[in-house]
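Colleague: Take a look at the following structure, please.
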Amino acid sequence: MTTGQKNDSFIENIVSSEVFPFSAEELEAAAKEKIDTAAFGYTRSGAGGEETLRKNIASFDKYSIVPKYLNDVSVVDTSIELFGRTYAHPFLLAPVGMLKITHEDAEIAVSKAAAKYHVPYIQSTVSSYSIEEVAVASGNSPKWFQLYWSNNENISYSMVKRAEEAGYEAIVLTIDTFMFGWREEDMRNRFSPLREGYGKANYITDNVFLSTLAHDDHDSVIQEILQNIYHPTLNWKHVAELKKRTSLPILLKGVLHPSDARLAIESGVDGIIVSNHGGRQLDGVISSIDALPAVAKEVGREIPVLLDSGIRRGADVVKALALGADAVLYGRPYVYGLAIAGQTGVEKVLENFIQETKVSLALSGAANVQAARNIHIVKS
Ligand SMILES: Cc1cc2nc3c(=O)[nH]c(=O)nc-3n(C[C@H](O)[C@H](O)[C@H](O)COP(=O)(O)O)c2cc1C
Ligand SMILES: CCCCCCC(=O)C(=O)O
(Lines of atoms letter the chains of each structure in order from A and count residues from 1; the text may use other names and numbers.)
(Lines give C-alpha, C1' and ligand atoms only; values in the text may rest on other atoms or scores of the structure.)
(Ligands and ions follow the chains in the order given, each with its own letter.)
Protein backbone atom coordinates (compact mmCIF):
# COMPACT_ATOMS: atom_id res chain seq x y z
CA MET A 1 0.00 0.00 0.00
CA THR A 2 1.31 3.41 -0.94
CA THR A 3 0.30 6.16 1.39
CA GLY A 4 0.76 9.90 1.17
CA GLN A 5 2.73 11.41 4.02
CA LYS A 6 0.70 14.41 5.10
CA ASN A 7 0.83 14.25 8.88
CA ASP A 8 -2.99 14.11 8.78
CA SER A 9 -3.25 11.90 11.79
CA PHE A 10 -0.85 14.08 13.83
CA ILE A 11 -2.94 17.17 13.13
CA GLU A 12 -6.21 15.29 13.77
CA ASN A 13 -4.92 14.11 17.12
CA ILE A 14 -3.98 17.66 18.11
CA VAL A 15 -7.35 19.16 17.23
CA SER A 16 -9.43 16.20 18.43
CA SER A 17 -11.62 16.77 21.48
CA GLU A 18 -11.43 13.07 22.32
CA VAL A 19 -8.34 12.07 24.26
CA PHE A 20 -7.24 8.46 23.87
CA PRO A 21 -3.98 7.27 25.42
CA PHE A 22 -1.02 7.43 23.05
CA SER A 23 2.05 5.78 24.53
CA ALA A 24 2.25 2.14 25.62
CA GLU A 25 2.71 3.35 29.20
CA GLU A 26 -0.49 5.43 29.05
CA LEU A 27 -2.36 2.54 27.42
CA GLU A 28 -1.16 0.16 30.13
CA ALA A 29 -2.23 2.57 32.89
CA ALA A 30 -5.69 3.06 31.35
CA ALA A 31 -6.17 -0.70 30.86
CA LYS A 32 -5.29 -1.27 34.52
CA GLU A 33 -8.24 0.89 35.52
CA LYS A 34 -10.62 -1.03 33.23
CA ILE A 35 -10.08 -4.72 33.91
CA ASP A 36 -9.76 -6.84 37.01
CA THR A 37 -6.43 -7.03 38.78
CA ALA A 38 -5.65 -10.65 37.93
CA ALA A 39 -6.50 -10.25 34.22
CA PHE A 40 -4.38 -7.13 34.01
CA GLY A 41 -1.56 -8.83 35.91
CA TYR A 42 -1.62 -11.79 33.52
CA THR A 43 -1.38 -9.48 30.50
CA ARG A 44 1.28 -7.10 31.77
CA SER A 45 3.59 -9.42 33.63
CA GLY A 46 6.65 -11.40 32.68
CA ALA A 47 8.27 -14.49 34.10
CA GLY A 48 10.52 -14.62 37.17
CA GLY A 49 11.88 -11.26 38.25
CA GLU A 50 10.84 -9.71 34.89
CA GLU A 51 14.43 -9.00 33.86
CA THR A 52 13.71 -9.97 30.24
CA LEU A 53 10.42 -8.06 30.20
CA ARG A 54 12.33 -4.90 31.17
CA LYS A 55 15.22 -5.64 28.81
CA ASN A 56 12.88 -6.03 25.84
CA ILE A 57 11.99 -2.36 26.12
CA ALA A 58 15.31 -1.00 27.41
CA SER A 59 17.39 -2.71 24.72
CA PHE A 60 15.77 -0.64 21.97
CA ASP A 61 17.33 2.46 23.57
CA LYS A 62 20.83 1.11 22.90
CA TYR A 63 20.30 1.39 19.14
CA SER A 64 20.21 4.82 17.53
CA ILE A 65 18.99 5.65 14.06
CA VAL A 66 21.36 7.76 11.98
CA PRO A 67 18.97 9.36 9.47
CA LYS A 68 19.84 10.46 5.95
CA TYR A 69 18.03 13.54 4.68
CA LEU A 70 17.21 15.17 1.36
CA ASN A 71 15.50 12.08 0.00
CA ASP A 72 12.03 12.60 -1.40
CA VAL A 73 9.81 10.95 1.23
CA SER A 74 6.56 12.62 0.19
CA VAL A 75 5.15 9.17 -0.46
CA VAL A 76 6.02 6.35 1.94
CA ASP A 77 5.29 2.84 0.76
CA THR A 78 4.89 0.76 3.94
CA SER A 79 3.99 -2.47 2.16
CA ILE A 80 5.91 -5.71 2.55
CA GLU A 81 5.88 -8.97 0.70
CA LEU A 82 5.86 -12.26 2.58
CA PHE A 83 5.38 -15.70 1.06
CA GLY A 84 4.18 -14.24 -2.22
CA ARG A 85 1.55 -12.00 -0.62
CA THR A 86 1.60 -8.26 -0.20
CA TYR A 87 0.70 -6.85 3.21
CA ALA A 88 0.00 -3.17 3.82
CA HIS A 89 2.28 -2.55 6.81
CA PRO A 90 5.59 -3.90 8.12
CA PHE A 91 3.83 -5.36 11.16
CA LEU A 92 1.29 -8.00 12.12
CA LEU A 93 -0.68 -8.45 15.34
CA ALA A 94 1.04 -10.94 17.66
CA PRO A 95 -0.96 -13.97 18.81
CA VAL A 96 -2.40 -13.30 22.25
CA GLY A 97 -4.50 -15.99 23.86
CA MET A 98 -7.60 -15.86 26.00
CA LEU A 99 -8.61 -12.33 25.14
CA LYS A 100 -12.00 -12.70 26.82
CA ILE A 101 -10.28 -11.92 30.10
CA THR A 102 -9.76 -8.45 28.62
CA HIS A 103 -13.01 -7.81 26.76
CA GLU A 104 -16.11 -9.87 25.94
CA ASP A 105 -15.60 -9.35 22.17
CA ALA A 106 -12.02 -10.62 22.40
CA GLU A 107 -10.55 -11.92 19.10
CA ILE A 108 -13.67 -10.89 17.17
CA ALA A 109 -13.03 -7.23 18.04
CA VAL A 110 -9.29 -7.47 17.39
CA SER A 111 -9.63 -9.24 14.04
CA LYS A 112 -12.26 -6.72 12.86
CA ALA A 113 -10.04 -3.78 13.83
CA ALA A 114 -7.08 -5.44 12.11
CA ALA A 115 -9.18 -5.95 8.97
CA LYS A 116 -10.19 -2.28 8.94
CA TYR A 117 -6.53 -1.19 8.93
CA HIS A 118 -5.29 -4.01 6.65
CA VAL A 119 -3.08 -5.42 9.40
CA PRO A 120 -2.64 -9.21 9.31
CA TYR A 121 -3.88 -10.88 12.49
CA ILE A 122 -2.26 -13.95 14.05
CA GLN A 123 -4.84 -15.91 15.99
CA SER A 124 -3.72 -17.94 19.02
CA THR A 125 -4.52 -21.62 19.51
CA VAL A 126 -5.86 -20.73 22.96
CA SER A 127 -8.43 -18.24 21.71
CA SER A 128 -11.75 -17.34 23.26
CA TYR A 129 -13.43 -17.49 19.83
CA SER A 130 -12.77 -20.24 17.32
CA ILE A 131 -10.84 -20.18 14.03
CA GLU A 132 -14.15 -20.28 12.14
CA GLU A 133 -15.82 -17.52 14.20
CA VAL A 134 -12.85 -15.20 13.65
CA ALA A 135 -12.78 -16.02 9.92
CA VAL A 136 -16.45 -15.10 9.56
CA ALA A 137 -16.12 -11.92 11.62
CA SER A 138 -13.11 -10.56 9.77
CA GLY A 139 -13.99 -11.66 6.23
CA ASN A 140 -11.16 -12.19 3.81
CA SER A 141 -8.64 -9.96 5.55
CA PRO A 142 -5.26 -11.66 6.08
CA LYS A 143 -4.94 -14.02 9.04
CA TRP A 144 -2.31 -16.49 10.25
CA PHE A 145 -2.85 -19.26 12.78
CA GLN A 146 -0.55 -19.74 15.78
CA LEU A 147 -0.18 -23.37 16.79
CA TYR A 148 0.54 -24.74 20.22
CA TRP A 149 1.65 -28.26 19.48
CA SER A 150 -0.63 -30.82 21.04
CA ASN A 151 0.45 -34.00 22.78
CA ASN A 152 -2.01 -35.71 20.49
CA GLU A 153 -0.56 -34.64 17.14
CA ASN A 154 -3.84 -35.40 15.39
CA ILE A 155 -5.35 -32.44 17.26
CA SER A 156 -2.56 -30.22 15.89
CA TYR A 157 -3.13 -31.45 12.35
CA SER A 158 -6.87 -31.02 12.74
CA MET A 159 -6.47 -27.37 13.82
CA VAL A 160 -4.04 -26.71 10.97
CA LYS A 161 -6.55 -28.19 8.51
CA ARG A 162 -9.32 -26.03 9.95
CA ALA A 163 -7.11 -22.95 9.57
CA GLU A 164 -6.35 -23.90 5.95
CA GLU A 165 -10.05 -24.38 5.21
CA ALA A 166 -10.94 -21.07 6.85
CA GLY A 167 -8.48 -19.23 4.60
CA TYR A 168 -5.63 -18.56 7.04
CA GLU A 169 -2.41 -17.85 5.16
CA ALA A 170 0.38 -19.21 7.37
CA ILE A 171 1.02 -21.37 10.44
CA VAL A 172 3.10 -19.99 13.31
CA LEU A 173 4.44 -22.78 15.51
CA THR A 174 5.43 -21.38 18.91
CA ILE A 175 8.48 -23.27 20.16
CA ASP A 176 9.16 -21.57 23.51
CA THR A 177 5.95 -22.46 25.35
CA PHE A 178 5.82 -26.25 25.72
CA MET A 179 5.22 -25.49 29.43
CA PHE A 180 4.32 -22.33 31.34
CA GLY A 181 7.10 -19.99 32.42
CA TRP A 182 7.51 -19.22 36.14
CA ARG A 183 4.83 -16.53 36.44
CA GLU A 184 4.73 -15.18 39.96
CA GLU A 185 2.09 -12.53 39.29
CA ASP A 186 -0.40 -15.23 38.31
CA MET A 187 0.54 -17.43 41.27
CA ARG A 188 0.11 -14.42 43.58
CA ASN A 189 -3.33 -13.78 42.07
CA ARG A 190 -4.21 -17.52 41.91
CA PHE A 191 -4.98 -16.89 38.25
CA SER A 192 -5.05 -19.37 35.39
CA PRO A 193 -7.09 -18.13 32.41
CA LEU A 194 -7.11 -21.61 30.92
CA ARG A 195 -8.55 -23.05 34.13
CA GLU A 196 -11.33 -20.48 33.84
CA GLY A 197 -11.92 -21.72 30.28
CA TYR A 198 -11.17 -18.47 28.44
CA GLY A 199 -8.96 -20.13 25.82
CA LYS A 200 -10.92 -23.24 25.00
CA ALA A 201 -12.79 -22.22 21.81
CA ASN A 202 -10.54 -24.02 19.34
CA TYR A 203 -10.61 -27.20 21.39
CA ILE A 204 -14.31 -27.50 22.06
CA THR A 205 -14.99 -26.99 18.35
CA ASP A 206 -12.46 -29.63 17.33
CA ASN A 207 -13.88 -33.06 16.52
CA VAL A 208 -10.57 -34.82 17.05
CA PHE A 209 -10.13 -33.24 20.49
CA LEU A 210 -13.76 -34.01 21.41
CA SER A 211 -13.36 -37.64 20.36
CA THR A 212 -10.50 -38.06 22.88
CA LEU A 213 -12.54 -36.87 25.88
CA ALA A 214 -13.57 -39.40 28.49
CA HIS A 215 -15.63 -36.73 30.33
CA ASP A 216 -17.06 -33.48 29.04
CA ASP A 217 -17.57 -31.51 32.24
CA HIS A 218 -15.76 -28.14 32.43
CA ASP A 219 -12.91 -29.27 34.70
CA SER A 220 -12.12 -32.41 32.67
CA VAL A 221 -12.09 -30.47 29.38
CA ILE A 222 -9.73 -27.83 30.76
CA GLN A 223 -7.50 -30.50 32.28
CA GLU A 224 -7.28 -32.22 28.87
CA ILE A 225 -6.40 -28.94 27.13
CA LEU A 226 -3.62 -28.27 29.63
CA GLN A 227 -2.27 -31.79 29.26
CA ASN A 228 -2.24 -31.39 25.50
CA ILE A 229 -0.30 -28.13 25.55
CA TYR A 230 2.27 -29.35 28.08
CA HIS A 231 4.72 -30.91 25.66
CA PRO A 232 8.38 -30.85 26.74
CA THR A 233 9.33 -33.49 24.16
CA LEU A 234 8.68 -31.06 21.30
CA ASN A 235 11.63 -31.36 18.89
CA TRP A 236 12.76 -30.87 15.30
CA LYS A 237 11.06 -34.11 14.16
CA HIS A 238 7.68 -32.53 14.96
CA VAL A 239 8.61 -29.56 12.79
CA ALA A 240 9.57 -31.83 9.89
CA GLU A 241 6.31 -33.76 10.32
CA LEU A 242 4.21 -30.59 10.39
CA LYS A 243 5.94 -29.45 7.21
CA LYS A 244 4.67 -32.59 5.45
CA ARG A 245 1.10 -31.98 6.66
CA THR A 246 0.42 -28.53 5.30
CA SER A 247 1.01 -26.55 2.16
CA LEU A 248 0.85 -23.28 4.14
CA PRO A 249 4.11 -21.52 5.01
CA ILE A 250 5.36 -22.45 8.48
CA LEU A 251 7.10 -19.96 10.77
CA LEU A 252 8.80 -20.84 14.06
CA LYS A 253 8.10 -18.30 16.80
CA GLY A 254 10.61 -18.09 19.61
CA VAL A 255 13.94 -18.43 17.82
CA LEU A 256 16.78 -16.64 19.67
CA HIS A 257 19.87 -18.70 18.79
CA PRO A 258 21.49 -18.42 15.34
CA SER A 259 22.02 -22.21 15.26
CA ASP A 260 18.28 -22.75 15.72
CA ALA A 261 17.71 -20.42 12.79
CA ARG A 262 20.02 -22.61 10.69
CA LEU A 263 18.24 -25.80 11.85
CA ALA A 264 14.90 -24.18 11.00
CA ILE A 265 16.08 -23.56 7.43
CA GLU A 266 17.39 -27.14 7.19
CA SER A 267 13.99 -28.41 8.41
CA GLY A 268 12.26 -26.64 5.55
CA VAL A 269 10.72 -23.93 7.70
CA ASP A 270 9.53 -20.92 5.69
CA GLY A 271 10.15 -18.12 8.20
CA ILE A 272 11.24 -17.44 11.76
CA ILE A 273 10.12 -15.05 14.45
CA VAL A 274 12.82 -13.82 16.79
CA SER A 275 10.93 -13.64 20.07
CA ASN A 276 11.20 -14.30 23.80
CA HIS A 277 7.42 -14.38 24.18
CA GLY A 278 7.32 -10.89 25.65
CA GLY A 279 9.50 -11.98 28.59
CA ARG A 280 6.81 -14.44 29.74
CA GLN A 281 8.71 -17.70 29.43
CA LEU A 282 12.35 -17.95 30.56
CA ASP A 283 13.39 -14.89 32.52
CA GLY A 284 17.00 -13.89 31.92
CA VAL A 285 17.01 -14.59 28.20
CA ILE A 286 18.42 -12.14 25.68
CA SER A 287 16.12 -9.36 24.48
CA SER A 288 14.73 -9.93 21.00
CA ILE A 289 16.31 -6.86 19.45
CA ASP A 290 19.72 -7.93 20.82
CA ALA A 291 19.23 -11.43 19.40
CA LEU A 292 18.19 -10.17 15.96
CA PRO A 293 21.51 -9.18 14.31
CA ALA A 294 23.18 -12.58 14.77
CA VAL A 295 20.05 -14.45 13.66
CA ALA A 296 19.60 -12.20 10.63
CA LYS A 297 23.26 -12.70 9.69
CA GLU A 298 22.90 -16.48 9.88
CA VAL A 299 19.72 -16.48 7.80
CA GLY A 300 20.93 -14.00 5.18
CA ARG A 301 18.01 -13.57 2.80
CA GLU A 302 17.16 -17.32 2.74
CA ILE A 303 13.83 -16.99 4.58
CA PRO A 304 11.96 -14.06 6.17
CA VAL A 305 12.94 -13.06 9.70
CA LEU A 306 10.29 -11.40 11.86
CA LEU A 307 10.67 -10.06 15.40
CA ASP A 308 8.53 -9.39 18.44
CA SER A 309 8.89 -8.54 22.15
CA GLY A 310 9.20 -4.88 23.02
CA ILE A 311 7.86 -3.18 19.90
CA ARG A 312 6.19 -0.03 21.23
CA ARG A 313 7.11 2.78 18.84
CA GLY A 314 7.39 3.54 15.14
CA ALA A 315 11.12 4.02 15.70
CA ASP A 316 11.30 0.46 17.13
CA VAL A 317 9.94 -0.80 13.81
CA VAL A 318 12.58 1.19 11.93
CA LYS A 319 15.35 -0.19 14.17
CA ALA A 320 14.16 -3.78 13.74
CA LEU A 321 13.97 -3.42 9.95
CA ALA A 322 17.42 -1.81 9.83
CA LEU A 323 18.88 -4.61 11.97
CA GLY A 324 17.61 -7.30 9.63
CA ALA A 325 13.91 -7.99 10.27
CA ASP A 326 11.45 -8.24 7.38
CA ALA A 327 8.53 -7.32 9.64
CA VAL A 328 7.59 -7.19 13.32
CA LEU A 329 4.72 -8.32 15.54
CA TYR A 330 2.91 -5.83 17.73
CA GLY A 331 1.67 -7.25 21.05
CA ARG A 332 0.57 -5.86 24.43
CA PRO A 333 -0.38 -2.31 23.32
CA TYR A 334 -3.28 -3.54 21.17
CA VAL A 335 -4.49 -5.73 24.04
CA TYR A 336 -4.61 -2.61 26.23
CA GLY A 337 -6.61 -0.85 23.50
CA LEU A 338 -9.06 -3.79 23.60
CA ALA A 339 -9.33 -3.52 27.38
CA ILE A 340 -10.01 0.22 27.21
CA ALA A 341 -12.64 0.35 24.46
CA GLY A 342 -13.10 -2.97 22.65
CA GLN A 343 -12.84 -2.84 18.85
CA THR A 344 -12.75 0.97 18.84
CA GLY A 345 -9.84 0.90 21.27
CA VAL A 346 -7.83 -1.49 19.09
CA GLU A 347 -8.60 0.69 16.05
CA LYS A 348 -7.33 3.80 17.82
CA VAL A 349 -4.11 2.06 18.86
CA LEU A 350 -3.55 0.74 15.33
CA GLU A 351 -4.27 4.06 13.67
CA ASN A 352 -1.68 5.83 15.82
CA PHE A 353 0.90 3.05 15.46
CA ILE A 354 0.52 3.02 11.67
CA GLN A 355 0.96 6.78 11.49
CA GLU A 356 3.89 6.80 13.90
CA THR A 357 5.60 4.07 11.88
CA LYS A 358 5.09 6.01 8.66
CA VAL A 359 6.43 9.24 10.16
CA SER A 360 9.42 7.36 11.61
CA LEU A 361 10.29 5.80 8.25
CA ALA A 362 10.02 9.17 6.49
CA LEU A 363 12.11 11.02 9.06
CA SER A 364 14.76 8.28 8.88
CA GLY A 365 15.00 8.97 5.15
CA ALA A 366 13.31 5.77 3.99
CA ALA A 367 10.52 5.99 1.42
CA ASN A 368 9.84 2.26 1.67
CA VAL A 369 10.59 -0.79 3.77
CA GLN A 370 13.40 -1.92 1.47
CA ALA A 371 15.16 1.41 2.05
CA ALA A 372 14.65 1.03 5.80
CA ARG A 373 16.82 -2.07 5.72
CA ASN A 374 19.76 0.16 4.70
CA ILE A 375 19.28 2.73 7.48
CA HIS A 376 22.44 3.16 9.51
CA ILE A 377 22.15 2.16 13.17
CA VAL A 378 24.78 2.75 15.84
CA LYS A 379 24.93 1.05 19.21
CA SER A 380 25.71 3.17 22.23
C1 LIG B 1 -1.48 -11.89 27.51
C2 LIG B 1 -0.58 -12.53 26.50
C3 LIG B 1 -0.95 -13.75 25.93
C4 LIG B 1 -0.15 -14.33 24.96
N5 LIG B 1 -0.57 -15.48 24.34
C6 LIG B 1 0.19 -16.03 23.37
C7 LIG B 1 -0.27 -17.17 22.66
O8 LIG B 1 -1.36 -17.67 22.88
N9 LIG B 1 0.55 -17.69 21.72
C10 LIG B 1 1.80 -17.15 21.43
O11 LIG B 1 2.52 -17.68 20.59
N12 LIG B 1 2.22 -16.05 22.07
C13 LIG B 1 1.45 -15.47 23.01
N14 LIG B 1 1.89 -14.34 23.63
C15 LIG B 1 3.18 -13.73 23.23
C16 LIG B 1 2.99 -12.73 22.07
O17 LIG B 1 2.66 -13.37 20.88
C18 LIG B 1 4.25 -11.92 21.83
O19 LIG B 1 5.34 -12.78 21.63
C20 LIG B 1 4.57 -10.96 22.98
O21 LIG B 1 3.38 -10.35 23.44
C22 LIG B 1 5.56 -9.90 22.53
O23 LIG B 1 5.90 -9.06 23.59
P24 LIG B 1 5.29 -7.57 23.75
O25 LIG B 1 3.82 -7.71 23.74
O26 LIG B 1 5.81 -7.11 25.07
O27 LIG B 1 5.80 -6.78 22.59
C28 LIG B 1 1.08 -13.72 24.59
C29 LIG B 1 1.44 -12.49 25.16
C30 LIG B 1 0.63 -11.90 26.09
C31 LIG B 1 1.03 -10.56 26.66
C1 LIG C 1 1.04 -23.88 28.42
C2 LIG C 1 0.88 -22.78 27.46
C3 LIG C 1 -0.31 -21.87 27.61
C4 LIG C 1 0.02 -20.56 27.05
C5 LIG C 1 -1.02 -19.56 27.23
C6 LIG C 1 -0.91 -18.33 26.43
C7 LIG C 1 0.44 -17.72 26.37
O8 LIG C 1 1.18 -17.97 25.44
C9 LIG C 1 0.88 -16.78 27.38
O10 LIG C 1 1.98 -16.21 27.23
O11 LIG C 1 0.19 -16.57 28.39
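In case you wondered, yes, glycine gets a Cβ from its N, Cα and C as well.
Those TrEMBL annotations? Automatic predictions, nothing curated.
Annotations per TrEMBL:
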DOMAIN    16-380  domain 'FMN hydroxy acid dehydrogenase'
BINDING   TYR42, TYR148, ARG183, HIS277, ARG280  glyoxylate binding site
BINDING   95-97, SER124, GLN146, THR174, LYS253, SER275, 308-312, 331-332  FMN binding site
ACT_SITE  HIS277  active site, proton acceptor
Colleague: Which residues does PRO95 (FMN binding site) neighbour through Cβ under 8 Å, counting only same-chain ones at least six apart?
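Modeller: Long-range Cβ contacts: ILE122, GLN123, SER124, THR125, GLN146, VAL172, THR174, LYS253.
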Colleague: Do you know the mean pLDDT across the domain 'FMN hydroxy acid dehydrogenase' (16-380)?
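Modeller: It averages 97.
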Colleague: Measure from the CA atom of TYR148 (glyoxylate binding site) to the CA atom of GLY97 (FMN binding site) and give the result in Å, rounded to a whole number.
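Modeller: Pair distance, Cα basis, whole Å: 11 Å.
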Colleague: Of the binding-site residues LYS253, ARG280, ASP308, which ones put their CB under 6 Å from ligand 2?
Modeller: ARG280
Colleague: Quick check: in three-state DSSP terms, what is LYS253 (FMN binding site)?
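Modeller: In three-state terms, LYS253 (FMN binding site) counts as strand.
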Colleague: Running a distance check here. Ligand 1 versus the binding-site residues TYR148, ARG183, ARG312: which have CB less than 6 Å from one of its atoms?
Modeller: none
Colleague: For GLY97 (FMN binding site), just count the other CB atoms lying within 10 A of its CB, please.
Modeller: 23
